[in-house]
Every structure is written in C-alpha cells, then in structure tokens.
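Asker: Before I ask anything, let me first share the structure, which is written out below as structure tokens.
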Amino acid sequence: MVPTVDMGIPGASVSSRSVADRPNRKRVLLAEPRGYCAGVDRAVETVERALQKHGPPVYVRHEIVHNRHVVDTLAKAGAVFVEETEQVPEGAIVVFSAHGVAPTVHVSASERNLQVIDATCPLVTKVHNEARRFARDDYDILLIGHEGHEEVVGTAGEAPDHVQLVDGVDAVDQVTVRDEDKVVWLSQTTLSVDETMEIVGRLRRRFPKLQDPPSDDICYATQNRQVAVKAMAPECELVIVVGSRNSSNSVRLVEVALGAGARAAHLVDWADDIDSAWLDGVTTVGVTSGASVPEVLVRGVLERLAECGYDIVQPVTTANETLVFALPRELRSPR
C-alpha cells in the first residue's frame, strides 16, 4: 500500500512514492515549488498594508500582479486599478506594480503630488540598475523580452536611447549595434530559461564579444518553477498550469511542460476552466502554478481532480524557497 498524508483536500492524499514509479491508479504530480514568489508576495502585501494603513481607495497603476483572482480580491477590498498616473486624483496614494515602471512614470507621479509606494520586485529593480549602468558606459543593451510587457516597458524606459528589444529568436537577425566591443544582453525576469539561452547563443554568434549581465536576470522563482515542471512532465499525459493568460511566467510553464515531454498542457485561471475531455485516457496529471498564483486556486484544482478520481497526490520537489523581501519602507512596522 502506498503511504499517504492527509492534505486537507476532500478525496485526495499525498503519496511518498517516487516519480519514477508508475501506479496504475489515477494520480496527480504536484510541482514544488509553485505559486507565489517573494516579489509577488511582497507586492500583494504592499497593497493590503496600504489599505490597512490609509483606508480605501488606494490606487494601483496596472495590475499589481498578473492574476485575475488577486486583482479582483484587492479591488473588493478597496484598491482601484488604473492604467496611468493621470487617472489618479492629485495628492492620492498610488502603488506601482511588481513589474516596475519607467522613470517618466515617477516624474508624472511627482508632478501630480502623488504619494508613491513602489512595489517593484527587487529583482526587476536589479535589471533597471543594470540598464542604467550600461547606458552610462554607452553600451548597446539588447533586452530579451516580450514587446508590450510592463516589465520590458519599464526596463527600456531606464535607457531608451541604448536599449533594443529582442523579442524571440527570429528578432536576432534584425539587431544592429554601433560598436561590437560594447554590447551587453539583459532580459525580462519571467522568460523561458531555455529560449533565452537560445537567443543569447544566436546573439553571440553575431556579436562574439557580447557581454553577460553581472548576474542572472531571469529570477530564481521563474527558473525553479520551470525546473520542477521539467522533472514531472515526462511522467504526465497532461499538465495543468494555474495562472492567467497575461502572466508571462505562467504561459512559459505551459511551453516548458510541452517541451519536456507532456502530451498536453493547459493554462487555467481556476478549477472551473478544466475541460473534462482533457482527462480522457489520462492516468497522470501534473499540476503547477505561476509565480503570481495564490495557493487557494491550486487547492481548487486538486479538489476538482480528486472528484474525477485523481485521489493520489505526489509532490515533485526540486527546490526549497526561503527568500523573503522586505516591504517598502513606507509600510514597514517600527522596531
């Protein structure tokens, strides 16, 4: 008999059997780590603390993180989400999202006398600092990322005269530089590690003296979640990724699962998005979630799968995350 542990999910239990074993009964492989990263946790708590301290409304420029459930929950608590600072009443409180903003946004907020609380992920801030540093040294900066993504817009805004966006492998051939001795690549933090390295390889073939960033720009959580998916995907006929469609790191997890051997992979916002037809003939389902997804949504998916007979849950653990980021100074408790 397979040892199990109660998960608090009706009809489901955790099995200690290794991934390599293939039980005949239906099962779920549950990726660990998954869900909230340190930057998302900090950003969501920033809005919650701002509401507690100042009361509603607290304005938030763009979605604080790319997850519908999180945004809807905060909106019900009194957060008001806007696209630009011009929509915020003069003198009001505004929170900048985890994805970061360009310097022009800070200027606009100052001109409107807004009380800014910056929830930019510290790992995104690191990339901003790198962009400014290399721009000061007059480098051409090749920013690998997705056009229009808030994080890319913010990073490019730090050095608009020096940054060129490289959006995918096919964009490499369009890149031009002024001095092949002064070229560096930076990246959006939520990309596929494998695709990014493929792009870097092609860039380096064109520009042999291409410099790497001082440290890895793709965040630890993005990498960890992709590694966990790669570990379980070969065992899965189906992988379900919990996350919103505008979440870059969640979309990448679907791609990684398919690339690592899963027969099918789907992105769902919550359990009701699961199509029962996906489960036809499926014995093993992999489950993971993007870095902006609260665990309650994963629990809902596991409950739905348990109702469909997937009552054994086997964790697939590839890393243990302990990183915590301090809240913005304006919201820290006095010591």
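Cβ coordinates are placed from backbone N, Cα and C, and glycine is handled just like the others.
From Swiss-Prot, here are the annotated features:
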- Glu151: active site, proton donor (ACT_SITE)
- Cys37, Cys121, Cys219: [4Fe-4S] cluster binding site (BINDING)
- His66, His99, His149, Ser247, Ser248, Asn249, Ser292: isopentenyl diphosphate binding site (BINDING)
- His66, His99, His149, Ser247, Ser248, Asn249, Ser292: dimethylallyl diphosphate binding site (BINDING)
- His66, His99, His149, Thr189, Ser247, Ser248, Asn249, Ser292: (2E)-4-hydroxy-3-methylbut-2-enyl diphosphate binding site (BINDING)
Asker: Here's one to test understanding: among the binding-site residues His149, Thr189, Asn249, whose C-alpha is closest in space to the C-alpha of Cys121 ([4Fe-4S] cluster binding site)?
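Answerer: That would be Thr189, nearest by Cα distance.
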Asker: What three-state class does DSSP give Ser248 (isopentenyl diphosphate binding site)?
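Answerer: DSSP assigns Ser248 (isopentenyl diphosphate binding site) to helix.
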Asker: Any idea what the Cα distance is from His99 (isopentenyl diphosphate binding site) over to Cys219 ([4Fe-4S] cluster binding site), rounded to a whole Å?
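Answerer: Cα-Cα, rounded: 12 Å.
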Asker: Do me a favour and check the Cα-Cα span between His66 (isopentenyl diphosphate binding site) and Thr189 ((2E)-4-hydroxy-3-methylbut-2-enyl diphosphate binding site); whole Å is fine.
Answerer: 14
Asker: Quick one: pull the CA-CA distance for Ser292 (isopentenyl diphosphate binding site) versus Cys219 ([4Fe-4S] cluster binding site), whole Å only.
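Answerer: About 13 Å separates the two Cα atoms.
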Asker: Which is it, of Cys37, Cys121, Cys219: the one of these binding-site residues whose Cβ has the most other Cβ atoms within 10 Å?
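Answerer: Answer by Cβ density within 10 Å: Cys37.
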Asker: Over all pairs in His66, His99, His149, Thr189, Ser247, Ser248, Asn249, Ser292, the listed (2E)-4-hydroxy-3-methylbut-2-enyl diphosphate binding residues, work out the largest Cα-Cα distance in Å.
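Answerer: So the maximum pairwise Cα distance among the (2E)-4-hydroxy-3-methylbut-2-enyl diphosphate binders is 15 Å.
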Asker: May I ask for the distance between His149 (isopentenyl diphosphate binding site) and Thr189 ((2E)-4-hydroxy-3-methylbut-2-enyl diphosphate binding site), taken between their Cα atoms and rounded to an integer number of Å?
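Answerer: Cα of His149 (isopentenyl diphosphate binding site) to Cα of Thr189 ((2E)-4-hydroxy-3-methylbut-2-enyl diphosphate binding site) measures 11 Å after rounding.
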Asker: Pull out the binding-site residues from the set Cys37, Ser247, Asn249 whose C-alpha sits within 10 Å of the C-alpha of Thr189 ((2E)-4-hydroxy-3-methylbut-2-enyl diphosphate binding site).
Answerer: Asn249
Asker: CA-CA, which of the recorded positions Glu151, Ser247, Asn249 lies nearest Cys37 ([4Fe-4S] cluster binding site)?
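Answerer: Its closest listed neighbour, by Cα, is Asn249.
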Asker: Looking only at C-alpha atoms, tell me how far Ser248 (isopentenyl diphosphate binding site) is from Glu151 (active site, proton donor), rounded to the nearest Å.
Answerer: 10
Asker: Of all the binding-site residues given, Thr189, Ser248, Asn249, Ser292, which residue's CB has the most CB neighbours within 10 A?
Answerer: Ser292
Asker: Let me spell it out: for each of the binding-site residues (His66, His149), count the other Cβ atoms within 10 Å of that residue's Cβ, using every protein chain shown. Which one has the most?
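Answerer: Compared across His66, His149, the most Cβ atoms within 10 Å surround His66.
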